[in-house]
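What Swiss-Prot records for 9-95 is domain 'Core-binding (CB)'. Per Swiss-Prot, the feature domain 'Tyr recombinase' maps to 116-296. Look at Swiss-Prot and you will find ARG155, LYS179, HIS248, ARG251, HIS274 tagged as active site. Feature annotation from Swiss-Prot assigns active site, O-(3'-phospho-DNA)-tyrosine intermediate to TYR283; the stated evidence is sequence analysis.
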Amino acid sequence: MSQIIDVPETLSLAIDSFLSYIEVERRLSPVTVENYQRQLMTIAQMMVAIKINQWSLLESQHVRMLLAKSHRSGLQPASLALRFSALRSFLDWQVSQGMLAVNPAKGVRTPKSGRHLPKNMDVDEVSQLMNIDLKDPLSVRDRTMLEVMYGAGLRLSELTNLNINDIDLQEGEVRVLGKGSKERKVPLGRKAVEWLQHWFAMRELYSPEDTAVFISTKSGKRLSVRSVQKRFELWGVKQGLSSHVNPHKLRHSFATHLLESSGDLRAVQELLGHANLSTTQVYTHLDFQHLAKVYDAAHPRAKREKS
């Protein structure tokens with residue numbers, strides 16, 4: 001069992017100030033702030049272990065030593081890069097605040113991690129997942145969540161944070177507040193619109209306590225991230241899918257299927273809410289009207305049924 005090392009205020013106070021800055025001024029999500037806190041407190045504990053109790057005493061050789069120790073402990077390259085990124089951003093902030101003269105992490109490199117193509121479901125598997133037995137309102141709610149997640153390519157947090165006034169059923173659009181509090185509009189697709197209409201007709205039966213689109217049928221409160229993950233996993237098993245079903249996989253499937261059909265990487269980037277095109281390029285083997293046109297022509301569940 002590893003020993004818990006107390007972090008002195010000479011290290012922790014600066015971390016607390018930085019966390020307040022990224023939460024209030026940069027408006028980063030609670031999950032991101034928590035990740036920063038975890039990484040920086042781990043680094044601070046490692047510094048205490050080598051007798052460094054002030055950030056001003058940290059030098060480049062110490063940064064390399066901390067990274068090497070993290071690597072030896074079994075930290076994978078991607079996780080190591082995340083830890084180093086948190087440290088570098090934190091030290092950059094200290095420089096901007098006049099707390100440090102230079103950033104000791106500048107010029108230090110971490111092992112490169114290869115980017116792997118995210119796993120996704122094929123169109124037949126998506127259809128199998130969606131074809132659920134609608135015996136009760138709970139099933140209707142879950143079917144609607146699945147359709148919206150796949151139809152709009154949302155992040156899990158974006159799905160759970162949706163409010164009624166974010167949905168425009170007439171236009172078939174959803175307003176999403178993504179990473180860094182950046183707002184974007186995304187087409188929903190015909191199937192998602194139809195199922196939202198079904199769910200909205202039932203939602204009021206559960207005395208919703210707030211404006212959340214997706215609520216618990218027991219409490220009427222907004223569904224948590226973990227609750228959605230459990231429901232998606234449950235339906236994957238019930239529908240006999242061989243691979244594990246999770247919200248992220250549906251988002252990846254949305255991106256892959258749309259890119260395969262349209263070849264429009266830039267449009268997919270905008271729909272996913274990626275700040276950098278390089279993030280979207282992992283799926284490779286504008287204005288809103290243009291995005292909607294690409295979506296309507298390419299997405300499997302946006303196409304009109306033939307009469």
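Quick reminder: no glycine exception, Cβ is built from N, Cα and C everywhere.
In this structure the alpha carbons, written CA, of ARG251 (active site) and ARG155 (active site) are 7 Å apart. ARG155 (active site) falls outside any helix or strand according to DSSP and counts as coil. Within the group of active-site residues (ARG155, LYS179, HIS248, ARG251), the Cβ with the highest number of other Cβ atoms inside 10 Å belongs to ARG251.
Each residue contributes its Cα atom, and for HIS248 (active site) and LYS179 (active site) those atoms are 15 Å apart.
For the pair ARG155 (active site) and LYS179 (active site), the C-alpha distance works out to 9 angstrom. Over the domain 'Tyr recombinase' (116-296), the average per-residue pLDDT in this prediction is 81.
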